[in-house]
Every structure is written in C-alpha cells, then in structure tokens.
Amino acid sequence: MSEVKYFEDTDYGVIEAIATIDNGDFGTRTIRFETGQLARQADGAVTTYLDDETMLLATTTASNQPREGLDFFPLTVDVEERMYAAGRIPGSFFRREGRPSTEAILACRLIDRPLRPTFVKGLRNEVQVIITVMSVSPEDSYDVVAINGASAATRISGLPVSGAVGGVRMALIADENHPEGQWVAFPTAEQQKASVFELVVAGRLVERKRGNKTFSDVAVMMVEAGASENVVERIKEGAPAPTEKTVAEGLEAAKPFIDLLCRAQEGLAQRVAKETREFPLFPAYSDEVYAAVEKQASKKLTQLMTIKGKNERENATNDFMVEVEEKLIGRFEDDLGAAVASKEIRAAYNSLMKKIVRGKILSEGFRIDGRGVSDIRDLGVEVELIPRAHGSSLFERGETQILGVTTLDMLKMEQHIDSLAPVDTKRYMHHYNFPPYSTGETGRVGSPKRREIGHGALAERAVLPVIPSREDFPYAIRQVSEALGSNGSTSMGSVCASTLSLYNAGVPLKAPVAGIAMGLVSDEVDGKTEYVALTDILGAEDAFGDMDFKVAGTAEFITALQLDTKLDGIPSKVLADALEQARDARLAILETMAEVIDGPDEMSQFAPRITTIQIPVSKIGELIGPKGKNINALTEETGANISIEDDGTVFISAASGEAAEAAIEKINALANPQLPKVGERFLGTVVKATAFGAFVSLLPGRDGLVHISKLGNGKRVEKVEDVVTVGEKLQVEIADIDNRGKISLVPVVEED
C-alpha cells in the first residue's frame with residue numbers, strides 16, 4: 001500500500017518524509033526527502049533518495065535583489081553529475097567533470113518545464129536550482145527523482161510558489177502474468193527493458209469543487225513518453241500496442257503516485273515551517289495601460305491577424321505596435337518613465353494579440369492562416385538532395401522546412417556515453433540544428449543550446465523504436481536535422497524528414513514514422529468551458545495556446561509524445577479526442593510521404609558496405625596478432641576496416657565489394673582455417689630464405705617450405721638467394737603434408 005511517513009530528529013534538526021510506492025506484483029520503491037543536514041546556507045536544500053543507493057542533493061537559492069530591465073523570470077536549473085556517484089573517475093584529460101552531459105541537460109529541461117509555472121508571475125529575482133547527483137544505482141535513472149528533489153527544495157525555500165510538483169516514470173510491462181500490461185512506477189533498468197512503453201509525468205495538486213464539496217485532484221503539467229526499442233517485436237509476441245488509449249490510461253495510472261509525492265513534499269514543508277518571503281513583483285503591464293492599448297489597437301489588430309503569411313503578418317503587426325506606442329507613450333511616460341512605459345505598452349499589445357486570436361478560435365474556429373482546426377498545412381516531400389550524403393531528404397510543412405541527412409558507418413563509430421545514465425553506448429544518434437536564419441534573425445552560432453539538444457532527443461526517441469537491430473543492420477547511424485525554416489514544430493518535422501532520409505540511405509526501418517504538433521485553447525464562453533484542439537500549430541498558436549503536445553508514431557502505435565500544459569486539468573474526453581485528431585493527421589502525413597518513398601532505397605555508392613562473419617572466440621587473439629600485427633596487415637592489404645566484438649563477431653567495412661570479399665577470405669583462412677591438400681596450388685609470397693630452402697606464405701598463418709634442391713628446376717643451387725628473394729611471388733604446389741602438419745612445396749614450372 002502506498003503511504004507517506006514522517007520522522008524528525010530534533011537533536012540534529014533533520015526532518016524526513018518517506019513516500020512508499022506500491023507496484024503490486026512488481027514490489028515497492030521508496031522516495032525519501034530529507035532536510036536539515038546538508039547545504040544549510042541555501043534557501044532550500046533537500047536530499048532525495050530512491051531506495052538506498054540513489055541520492056541527490058537539490059538546492060534552491062534566490063538573489064536578494066531583482067534583475068533590472070528583464071521582462072522574464074530568470075530561473076536556471078543545473079544538474080551536476082559527479083562521477084563518484086557511480087564509483088568512477090572522469091575519463092577527461094584532467095580527470096574532472098567538465099561540461100554537462102546530454103543526459104544532464106535533458107534532466108534540466110525535465111525539471112524546468114513543470115517547476116517554472118509554479119512561481120508567482122512577475123518575479124524578477126534570479127532563482128537557481130542545482131541538483132548534485134551524489135550516488136546513483138546502475139539500476140536507476142536519476143532524472144525523475146531530480147524533479148521531486150528540485151520541487152521539494154523550492155517548496156521549503158520560502159519562495160512564492162503555488163505548490164509542490166510530483167514526477168514519476170511509468171513503464172507498461174507485459175509478461176506472462178500480466179498479458180494486458182501493468183503500469184509500474186519508478187521502474188528499474190531491467191524492468192525498463194521488459195517494458196513496451198514509458199511515460200514521465202509531472203503534476204501538482206489542485207482544489208476542485210463538486211457541488212458543495214471540495215476535493216484535491218492532480219493536474220498534469222508535463223508528459224514525456226516513448227515506446228521501447230523492441231516494441232515492434234513485443235507487439236508481434238502479443239504485448240499491447242502503445243496506442244492513444246494507452247497514453248490516456250498511463251496518465252490516469254500516474255496520478256495516485258504524483259498525489260503521494262506532492263503530499264510528502266507538502267508535509268515536509270509544513271514541518272520545516274519556513275515563512276514565504278516577500279518579493280517585489282513586476283507585472284508585465286498595468287490595467288490602465290492594457291485598457292488604453294485595447295481601445296487604440298483592438299479593431300485594426302483583429303484585421304492584421306488574418307494575414308496568412310508569417311513574415312508579412314509579423315511585419316504588419318510590428319509596424320502597428322510602433323504606431324500604437326507612439327500614440328500612447330506620452331500618456332504614461334511621466335508616471336512610469338519612457339523605458340518602462342514603452343515596455344508595458346508593447347507587453348499589453350502582445351497580450352491583446354493573444355486574446356484576439358484565442359477568442360476567435362473559441363468562438364469561430366478561426367485560425368490565423370485561414371485553416372480549419374484539423375487541417376494540415378501544405379506538405380512538400382523530396383529525397384536525395386545532397387550528392388555525397390548516404391541519404392538525404394527535405395520535408396516542408398507550410399513555412400517549416402527541415403533537411404534530413406543520414407550517415408552510415410561501422411559500429412565502432414557508435415557513441416560511447418560517459419555519464420551516469422544506465423546506457424553506455426548509442427548506435428542511433430539524432431542531432432538537431434536550429435540556426436538563427438531559420439526564423440529570419442541573426443544570432444549566435446556554435447555548440448548546441450539546450451533547446452536543440454532537447455528537440456534532437458525527442459526526434460531520436462520517436463524514430464528509435466523502428467531502427468533495425470544491429471544484427472539485421474550492422475551500422476552506426478547518425479541522423480542530422482537542419483531546421484532551415486521555422487513556423488511551428490520543427491521537432492516533428494525532423495521526425496518526418498528522418499524517416500525519408502533513412503529510407504533514402506537504404507536503412508530497412510521496421511515501419512515509417514511521422515510526427516505532428518497539436519495545440520489546445522480553452523476558456524469560458526457563455527458560462528461554459530470550451531476546448532478547441534488545433535492540428536499542426538503555427539509558432540504563434542503555440543505561444544497563444546494553453547497546451548501544446550507533439551505526437552509521433554507509425555500507422556499502428558505511438559513512438560513518442562511530449563506534452564506541456566498551463567491548465568489545471570484536462571478532461572479525459574478532451575485529451576482522448578485531441579490524441580485521435582493527432583492520429584488522423586499522422587496517417588495523412590504518412591500517406592503523403594509514402595507517395596515519394598515507401599521503403600529502403602539501394603544504398604549509396606558512397607556508403608560503406610558492412611558484412612559480418614563469425615569466428616571462434618579462441619581465435620580472436622590470433623586474428624588480432626601481437627600488438628595488432630595481423631589485423632593491421634589485413635587492413636592494409638585489403639583496404640577494409642575490421643572490427644571485432646567479444647563474442648567473435650567480425651564486422652568488415654569496405655568501399656567496394658571486392659575489398660570486403662578479400663578481407664573475408666583472409667579472415668576465414670586465419671580464423672576458420674581449412675587444411676590445404678596435397679596437389680593444391682597457391683601463388684605464395686617468399687617470407688624467409690634459409691640455407692636449406694625458402695619459406696613461402698600460402699595463407700595468413702600458414703607457410704610451407706620449398707627445399708633448396710627443388711629450386712633450380714633440376715639444376716644444383718648453391719644459395720637460395722640466387723634463385724628467389726624475400727617478398728617475391730612464387731607459384732607453388734603442395735607436394736606433401738607430414739603428420740605434424742608441416743607442408744612441403746615444389747615450384748610450379750610453367751609448360752611451354
């Protein structure tokens with residue numbers, strides 16, 4: 001049974017809240033929040049444990065003074081992975097931790113997204129949340145534990161937040177005892193491998209009314225979801241497919257655990273009893289400024305928001321904003337100052353724009369570009385654009401334009417991950433680039449920002465379940481998505497471009513995948529709450545909506561989902577209908593993609609040809625040779641790259657089939673030898689000259705001797721070197737093989 005217990009050590013000032021999570025047949029997990037022992041000078045510090053081995057220190061600290069001139073809340077979240085957490089020394093040159101790993105950056109985003117909306121609006125003091133990973137079990141992922149730790153530290157910090165955030169990872173596990181699947185909270189790495197689908201869900205507690213009664217409920221704030229790598233095979237075996245219904249069921253299954261974790265944090269905060277501090281708040285604009293802007297701009301702005309083209313609409317609305325500012329600034333600059341008055345007028349103008357668009361969507365089903373609520377923008381699909389790339393594609397959806405590029409290489413080129421994540425290698429790598437010109441702007445170009453890493457991870461998660469196994473396709477795969485134009489969901493465009501590019505590169509995907517971005521707008525209309533789901537949202541609709549979610553999948557099931565909402569809860573039917581609307585769009589996009597390419601093309605002439613052979617494990621050392629002598633010689637002679645796995649699998653990569661065949665022949669001769677027979681002829685190489693004859697190499701590791709008496713073609717030879725030299729090619733025939741395997745050779749005399 002899931003429950004919360006509290007312990008207090010008054011001697012040391014340590015307070016604990018322990019949440020026990022009951023997974024039924026799959027056992028229990030314990031989340032423990034502890035405060036009072038570590039990092040006492042931080043505004044809030046909580047040590048969070050998952051069972052006994054995973055331990056994180058979460059701290060929240062706020063600056064004393066607000067940052068001047070900011071029009072946003074300066075919250076930063078940092079995850080510090082300490083390699084001592086896994087009993088390892090960092091592999092870097094200086095043997096200390098450097099820049100954060102991809103996994104740490106993704107954990108930062110996972111924490112920031114549900115935590116940021118809980119802060120009071122108008123806060124301008126810098127707030128820094130730092131999670132230090134101090135110990136981690138190889139069986140556990142720390143990211144979801146960090147969501148709870150960061151929330152608990154913030155909740156007891158005295159900062160103005162609306163409440164605690166609870167986060168949980170849910171895995172749908174189907175086995176012989178649970179053929180329909182059971183949702184398991186905080187699954188171990190072993191349970192994750194056995195799962196069909198995973199959800200990371202974060203939410204908070206809200207008060208609801210039903211009649212005269214008030215009760216507490218969980219409002220979902222964020223969802224990250226993905227299918228397992230072997231989901232296609234699991235479905236064939238009878239496991240449930242992760243459909244839209246599965247997602248809805250998983251969200252409901254997560255709510256009791258989120259409720260438990262939030263109650264544990266709230267109980268901890270009550271026992272710490274730190275008062276909420278007073279902070280100056282800076283609302284974006286005053287009511288007077290908004291009223292003036294609304295009166296001045298409402299009518300014309302409503303007309304401008306019907307301009308379909310993004311650039312034309314933005315230019316027109318920006319010009320009109322300058323006009324409105326010039327007319328109104330004189331009214332407010334004496335009281336506010338010119339700079340503040342300008343900022344408030346512009347903020348009020350943007351807020352009015354949002355109100356106009358939302359109102360027309362809810363009352364008329366109006367969209368900025370004239371589409372219906374479920375319409376997809378015009379699609380453009382093309383493959384094979386880049387001459388020397390192994391695979392390439394261009395996917396366009398309205399003004400969003402994504403170039404997908406695929407590169408194939410040997411498995412030794414897969415990414416080796418030096419982080420605290422349970423996974424240590426990555427064979428399929430998806431990298432996403434978002435240059436400033438994609439939105440018609442200038443900006444910094446260089447190492448990827450957190451947003452780019454997050455979008456790449458989402459697209460990677462969407463495509464990974466359909467990537468063929470390393471046995472079926474022994475290649476490392478790097479997929480790059482270049483966002484060349486952006487006006488709504490470049491991440492889902494990247495998923496579509498990836499499918500096209502991978503097919504063009506000859507990758508035999510288990511199924512094609514497409515993605516779509518959805519939005520939801522909600523408000524009171526005539527006393528009733530109305531919800532409108534929008535398919536294929538524009539950038540402006542993303543900013544103006546109450547919820548956005550991105551769904552990727554095949555025609556049969558969902559492979560990835562990401563959801564963020566500002567609402568205090570979404571009715572189950574509204575979410576189910578929105579997911580079904582997304583499925584219809586996904587099927588339409590898949591159909592358009594299939595008209596251009598619906599299966600793997602022939603591999604590019606520039607892509608390496610990789611073949612595999614199996615050798616006995618006992619022969620691995622012999623194939624490598626002393627200090628790599630044999631394998632280096634094979635590489636040099638054939639021009640092929642050779643990689644050997646611990647189980648005796650040998651991967652051979654070559655630019656041509658001839659080079660690969662030559663390498664296979666030589667490897668088999670060495671590691672899978674067949675004894676030569678008497679009478680067989682070879683074109684061998686003289687490798688050694690002695691006083692009694694010449695040794696000739698027939699096969700790698702297999703030499704024979706031509707006696708000096710056989711070298712002269714019937715004539716007496718005084719010195720072997722008078723007839724042959726080391727390195728010379730010599731046609732020989734096996735004359736005899738003795739019982740010790742020693743081979744006697746005779747030169748082959750060409751007949752006239």
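Any Cβ shown, glycine's included, is placed from N, Cα and C.
The Mg(2+) binding site annotation in Swiss-Prot covers Asp542, Asp548. Secondary structure at Asp542 (Mg(2+) binding site), as computed by DSSP, is helix. In sequence order, Gly488, Ser489, Ala517, Gly519, Asp548 constitute the residues six or more apart from Asp542 (Mg(2+) binding site) in its chain with CB-CB distances below 8 Å.
Computed over the domain 'KH' (608-667), the whole-number mean pLDDT of the model equals 84. Look at Swiss-Prot and you will find 608-667 tagged as domain 'KH', backed by sequence analysis.
Per Swiss-Prot, domain 'S1 motif' is recorded for 679-748.
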